[in-house]
């Protein structure tokens, strides 16, 4: 009988901390549904106390996820734990994940607490979390730089208080695999079967996956990871790499296995990339575009003669279908519906109808509509806030010797408003003109153009990060078009709509508190 290592996915919480990876509630719901389809044991849906948006997303995910455990992060503070408990209340299976720093440097300079005070706080946090849920996880932040004697002391104390999972994070990605393995082995010998040991490894030295795997070999039975290795700084351990390493190297891992349906790995990777706008590098293990590509003639010849000559796993094992059907303008609604289900989306009939209309419009302009085109069509709609402003027309004059100018028409409250303006470049002219029409000034922090597919008729996705109020966080806007300028204008208008939606949500939250 297989010994299961639980997969704890934190794409929606830690993964979202990747620069530019911010997601709205509907996007998070789509990813959560796909993670459940993938077979993830625990979905860390967010940090409930962080913002009204995080709280709302966790609550809505808790309402739709049925099989996976839904988890919220919480500092070892009563207000955080209360928010987490309330956010995950609707979940069929729920967990609160509370944490406090345990390294000398963190306790002294960040917490400004003595070790015995930290233990007391941790125990009280676990006890309070138990009043909301049965399943409580406790993390020793910066465990990689903590003293072993203190780690054992605080871990045994929180287990006594009711923690069922103990997470050992390598918060700054400092440990080497043999060090991580030795630490987990010693802790496992101390804890034995009183709690599950989990690891959460960061990739600052490129060792997150190796550290996670060595931990599993030494007693860890939960691994915290993200799709495509997303995460702040250099990212987190990549789920797909951990799972496929365990699956592929049975000579090392023996009866150890996961509950992951590996055929959903590639669809999940593509969905996350489409929603976040962050593509895995081409040579990324397992899910990169070159992972199953063989350019060398010798390699190609070998693979054609026998697949296992140069491939240790099959593309089909991760759900990469090299013979996937490509849709076009003659494709019907039934084929389109089947395709979006295969791509991991869960849409209502009304949403399918709207998506099909956009697909037909795109198919009239493109000979072939790829899977990535369809992903972008749908995720672009999911990413969109309610359309207070809507782009209707765009005309640009980008002559080589003159000053770039743009004429923009925007619809607001049923009326069309047109204005024209100049800028330091075409994009600047478009954005300044939109600012003048709406009366809201934005500051562009980031601008990305993503070629969704290949060829002259490739679909372009533009992602912008804009600050409209220095006292509020930047907002993300997405735009999609064969014309990059139109996609840019749509993205900027989308960011403005997101800003308005965020203001309305904050206002509603304040009204509820009053």
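Including glycine, each Cβ sits where the backbone N, Cα and C put it.
Since the structure is predicted, the reported quantities are computational estimates derived from the model, not experimental observations.
The Mn(2+) site recorded in Swiss-Prot comprises 14, 200, 202 together with one of 236, 259, 261, 283, namely 236.
The DSSP breakdown of the region 'Regulatory domain' (390-514) into helical (H, G, I), extended (E, B) and coil residues amounts to 43 helix, 48 strand, 34 coil.
Summary for the binding-site residues 14, 236: the Cβ-based neighbour count within 10 Å is maximal at 236. Following the DSSP three-state reduction, the secondary structure of residue 236 (Mn(2+) binding site) is strand. Under 8 Å, Cβ to Cβ, and six or more positions away along its own chain, residue 202 (Mn(2+) binding site) finds 169, 170, 171, 172, 173, 208, 231, 233, 234, 235, 236, 237. The average pLDDT for the region 'Regulatory domain' (390-514) in the predicted structure is 84. The secondary structure of residue 200 (Mn(2+) binding site), as reduced to three states from DSSP, is extended strand.
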